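This report refers to the structure that appears directly beneath it.
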């Protein structure tokens with residue numbers, strides 16, 4: 001059987017009790033390490049599990065999955081995913097392939113928390129979130145503003161918007177690609193909440209429709225679910241200057257339909273509580 | 001410290017490794033049992049944890065939380081929540097009270113999966129879900145159609161809609177309330193996906209705007225995250241006749257913006273695959 005096992009968000013102890021049992025007895029264990037990262041290194045996981053873990057990069061999963069699926073119809077193979085296994089297309093694709101293999105490979109998914117639910121730690125109600133969006137690293141030549149239209153759809157209904165921040169793991173630089181050396185990888189890059197806020201302000205400057213401007217309220221989070229979790233609320237202007245430290249960061253644009261109780265909870269995280277409350281009372285909380 | 005610990009969705013082994021460590025060492029352990037239920041009884045949990053667990057009903061949590069918070073500034077108190085702790089307001093309220101208590105009580109949330117992410121097991125991409133809605137049990141006198149407007153907002157953008165189904169645990173019947181006997185509780189009721197589909201069809205019949213009619217595609221799920229997980233796809237008409245067995249059920253109205261890959265994955269769960277594909281090609285997949 002192929003098990004897709006969610007590891008949760010922080011460290012080796014966020015795996016479920018059942019997940020750990022399976023990891024210990026499986027023939028092979030893979031760790032998917034390109035859609036997100038755990039806050040601990042692979043060797044810490046191996047030490048805790050008492051066994052070796054094979055790193056699976058995007059190429060292996062998307063173009064070479066036979067290695068992962070080999071013998072899974074008669075052995076247990078565990079495929080570990082940071083966060084939750086069903087949050088990204090790359091994983092459902094693997095399940096589809098297992099399902100349609102000959103012979104068919106039985107599969108089971110052990111869900112775990114994802115940033116998409118753990119973001120409730122901000123006090124913002126999950127029911128009030130619209131679609132989730134992704135912010136990519138801008139380059140000199142490429143500053144896509146399509147994210148603005150997605151956020152705008154949420155804003156039209158007063159919903160919160162969870163912004164997932166770009167991570168680049170094992171990517172070749174543009175220069176090395178151009179020089180025909182795609183195997184030279186850049187060091188991993190994880191977008192900070194401050195850079196995300198900056199890029200949102202840039203896009204607002206281009207589009208000017210009052211969607212994500214300097215006075216819009218937002219919440220930045222880092223290392224959610226861990227002991228070093230950090231939550232900071234404020235205007236996008238303020239958040240573009242705050243350093244939340246080590247990865248992983250996310251950001252939520254607060255929706256205008258926000259409730260009084262959400263505000264009460266979030267305000268405690270504000271850089272400037274008085275200012276936060278003034279802006280809220282002025283622009284937010286319209287049901 | 002007050003720990004809010006997510007138990008995940010199925011049974012005693014869905015708790016995280018860290019969560020189990022805390023449960024074993026805590027002075028007191030409460031189990032919140034009114035926003036959702038685990039698929040195993042309390043005694044199974046107690047047997048697995050090797051300790052007693054106190055059932056916390058809505059009254060205790062919302063009106064009598066001092067008992068839960070007592071001494072939590074100097075002892076470890078664990079508050080267990082089925083699914084994820086940050087998915088419902090009743091829990092963030094408890095955290096607020098701990099935070100503002102005198103002396104202040106330190107808190108930590110251990111997130112876990114919630115139906116809101118585990119619903120990815122259907123193959124529908126979480127990024128494409130709009131706001132989550134709740135379907136209540138209709139009565140002869142009360143058939144609220146406000147849910148229609150919420151779904152309509154999602155439909156306008158082609159998003160999927162996760163419908164959470166009503167559960168009634170420890171509720172007094174209308175009759176007993178009227179007779180001044182609010183302590184006589186009805187047996188627990190968990191809405192089935194079939195009843196939800198039926199009620200959605202009823203509401204469509206009233207409002208007639210083509211939001212959730214007989215030919216709209218949907219996915220019904222039961223016991224997500226467990227070995228007995230069941231997923232069935234089809235039209236709302238079809239789903240109103242299918243019995244998915246024991247609780248807990250949920251339903252997703254598929255959005256018109258659905259991707260080809262989502263359809264490929266979901267179609268395997270369809271009651272009538274050919275019909276599902278015909279309707280999809282005709283009405284869905286419009287980016």
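Backbone N, Cα and C define each Cβ position, glycine as well.
Per TrEMBL, the candidate among A:61, A:136, A:224 that belongs to the S-adenosyl-L-methionine site alongside A:9, A:84, A:114, A:115, A:165, A:249 is A:224. Reduced to three states, the DSSP call for residue A:165 (S-adenosyl-L-methionine binding site) is strand. Counting every protein chain shown, 25 other Cβ atoms lie within 10 Å of the Cβ of residue A:249 (S-adenosyl-L-methionine binding site). Chain B comes within the C-beta cut-off of under 8 angstroms for the following of the binding-site residues A:114, A:115, A:165, A:249: A:114. For the binding site of S-adenosyl-L-methionine, formed by A:9, A:84, A:114, A:115, A:165, A:224, A:249 according to the record, the largest Cα to Cα distance is 17 Å, rounded to a whole number. Computed over the domain 'Tetrapyrrole methylase' (A:1-239), the whole-number mean pLDDT of the model equals 91.
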